[in-house]
Amino acid sequence: MDGPRSDMGRSDVSRSDMSRSDMGRSDMGRSDVGRCGGGPLQPSATPSPEPEPEPEPEPDRGSRSRGGRGRSFWARCCGCCSCRNAADDDWGREPSDSRDRGSSSRGGRPDSRGGGVNAAGDGTIREGMLVVTGVDLLSSRSDQNRREHHTDEFEYEELIVRRGQPFHLVLFLSRPYESSDRIALELQIGNNPEVGKGTHVIIPVGKGNSGGWKAQVTKASGQTLNLRVHSPASAIIGKFQFTVRTRTEAGEFQLPFDPRNEIYILFNPWCPEDIVYVDHEDWRQDYVLNESGRIYYGTEAQIGERTWNYGQFDHGVLDACLYILDRRGMPYGGRGDPVSVSRVISAMVNSLDDNGVLIGNWSGDYSRGTNPSAWVGSVEILLSYLRTGYSVPYGQCWVFAGVTTTVLRCLGLATRTVTNFNSAHDTDTSLTMDIYFDENMKPLEHLNRDSVWNFHVWNDCWMKRPDLPSGFDGWQVVDATPQETSSGIFCCGPCSVESVKNGLVYMKYDTPFIFAEVNSDKVYWQRQDDGSFKIVYVEEKAIGTLIVTKAVRSHMREDITHIYKHPEGSDAERKAVETAAAHGSKPNVYDSRDSAEDVAMQVEAQDAVMGQDLTVSVVLTNRSSSRRTVKLHLYLSVTFYTGVTGSIFKESKKEVVLAAGSSDSVVMPVAYKEYRPHLVDQGAMLLNVSGHVKESGQVLAKQHTFRVRTPDLSLTLLGAAVVGQECEVQIVFRNPLPITLTNVVFRLEGSGLQRPKILNVGDIGGNETVTLRQTFVPVRPGPRQLIASLDSPQLSQVHGVIQVDVAPASGGRGFLHAGGDSYSGETIPMTSRGEA
């Protein structure tokens, strides 16, 4: 395996170059690397670097003239409503300006243009003109604006506010303000700002404009003017350039643009008029402001959890989020709509179609990038994408979901990360999971295009849906993992959870696919002597068996299955399934079901850590009043968590005689040496059990997935944590395997504590225990989480976390600047080694 890359380098897998601004493009063919049907698609070859698009030239808006006098845009607009003035109301020409007003900071910032301009554009300041000598946007993290707008945790010095809520600023003038003076604030975004599209905002002080913006004087004292500015709850989100214009009888003055005066505007879940409004403060604290969370994985019976550093307030992350919208070519005028924004994000977090953030890889070969299990957060991924412009290798569902949570929370949408256990992937829109067997009930893998993932991770975000009938507001599913196309591109959602719950698969967006993931049935088909297939068993409670997320204001797991589906087996749940299936490609699938099921079967697997032997058992129960003879076939194989299976490495055939009302078990022992050569990611195995009851003809069928667990890292804080002071953490790991782990890499990350750091530690011997220590300097106070992971070719999915309560620096809150990108990889010697 190649050494880890600190900057994640360039994408190693080819993608079709389809960066278009519209959402409806044709579906391009995709390779299906490392898996057979029913799984996420991924690219397959090394790309040539994608050149950065050339910026479109901005039209010269100062070139028009009438009667020898140029006309500025602002001068052509009425001060009270921004409508066009009459042709005679010409106060002068705006100087030509071709600066870029893109929303992200990936490129260089424009320079200030000097000392201001008058109406004639010659820089002459005449007596009586009102000159703005300076602006204070009160943008410090400790200032009123940032605190009131809940943006004080952003590691930025610029002003960051939320729409629909007033903010304050101060103008410094060349003379005292007079009531006859006319002042207008201007905000511009994009390369070609237009008033009609909301990308050029003119706000006359003391009056509102037709777009809902207002600016009022709150205090005039000497040569200082305090203003309160109110944005509409539907304002475009992004980074705006801010300038000021004044008009007096002596002439017009324009303050030159200063990069320090850029203003970021975000969605506002605290504003009742904003369609992203959330009416629960606890939810806002957790789903918008919480910088870390839990992501669940594994199987329903063996749930694992990992802490993820969302890091939405880290320096550079906000610019990365806005760069994603820019890279997609999303029109600025549509960036005030959270439905459109979240749909674009679901397309752009994966690299297919658009050269987005992450390259998906389910092949098991990650030598040209980072194993998805090695990531501990989103910050390193997003900063690499912002810095290089290239897709980052590699991601799987929990990585796509973790990054999506970061992006949507950063932009102001209440978002949570959701795990669905036994998640179906319906490839033929039948809204059922179809599994095919031969005459002896051995799986026909070449026909099993549908798959059931052990788990799948996606996102819920909260918003109203004005594009749907009433009753579908609230949680909306957004899934950035590239599985199937939607309108020709790899995106999914937003989809109302309420429509999923009731099987209303005709509601947009992508409801049929999401419904099948959580509430379809497993249908078992057996090949008959004439080659046709017959339904022999329908498993109604096998899909979407548990849907969970991190609980609000807690590290506990919350079961949210009930918001996605009615109680399993209830009349409402059956109606939802059959309503949805009626709109699928096999609407009559439930018409040919057989009954007479008096033998029940249950499968259990022993909980074991990787490196240990284990057993699986099948429990049969005869619920009839007569004897039953059951012929059982057990097939054991390894499986990717996406439901794609490897070859069968162990099988067993048994005949079991059950007395009336009795139970019996069939046990299959599995030694470490038997499963170790076959293991793939996540350490999961699949037991296919099929059987035939001699007396009644009943067919038994069951698929049971289980996994061997991986060990955790142990983190210990050595001393107190204070802003600006060096702190030390100790990491201890014991290798559970009898083999050497080679090219071991640790990752360390924590918002407000540690920028993403990569540590190369070499090899770790079989059953060896190692200890290493690392120092870090906290930059923000409060409760924080430091997260670590370990990865090697022989062992992955190893991680740990520690809570760090950071005290403020003496004398204040003690924020420190935390700029800079990820650390490059370093070779770290272990402080101690020992045999376990």
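The backbone N, Cα and C atoms fix where each Cβ goes, glycine too.
Going by Swiss-Prot, these are the annotated features:
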- Cys397: active site (ACT_SITE)
- His456: active site (ACT_SITE)
- Asp479: active site (ACT_SITE)
- Asn519, Asp521, Glu568, Glu573: Ca(2+) binding site (BINDING)
- 1-33: compositional bias 'Basic and acidic residues' (COMPBIAS)
- 89-112: compositional bias 'Basic and acidic residues' (COMPBIAS)
- Thr46: phosphothreonine (MOD_RES)
- Ser48: phosphoserine (MOD_RES)
- Ser98: phosphoserine (MOD_RES)
- Ser112: phosphoserine (MOD_RES)
- Ser824: phosphoserine (MOD_RES)
- 1-68: region 'Disordered' (REGION)
- 89-125: region 'Disordered' (REGION)
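A map of Swiss-Prot features onto the structure.
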residue : record              : Cβ neighbours (10 Å)
Cys397  : active site         : 28
His456  : active site         : 29
Asp479  : active site         : 29
Asn519  : Ca(2+) binding site : 24
Asp521  : Ca(2+) binding site : 22
Glu568  : Ca(2+) binding site : 14
Glu573  : Ca(2+) binding site : 19
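Classification of Cys397 (active site) by DSSP places it within a helix. Using Cα positions, the member of the active-site residues Cys397, His456, Asp479 nearest to Glu568 (Ca(2+) binding site) is identified as His456. Summary of the Ca(2+) site environment: with the site residues Asn519, Asp521, Glu568, Glu573 set aside, the chain residues having Cβ atoms within 8 Å of the Cβ mean position are Ser520, Glu540, Lys541, Ile543, Gly544, Lys565, His566, Gly569, Arg574, Ala576, Val577. The recorded positions recorded for this entry are Cys397, Asp479, Asn519, Asp521, and the Cα of Cys397 lies nearest to that of His456 (active site). Taking Asp479 (active site) as the reference point, the recorded positions whose C-alpha atoms are within 10 Å of its C-alpha, out of Cys397, Asn519, Asp521, Glu573, are Cys397. When the binding-site residues Asn519, Asp521, Glu573 are ranked by how far their Cα is from the Cα of Cys397 (active site), Asn519 comes first.
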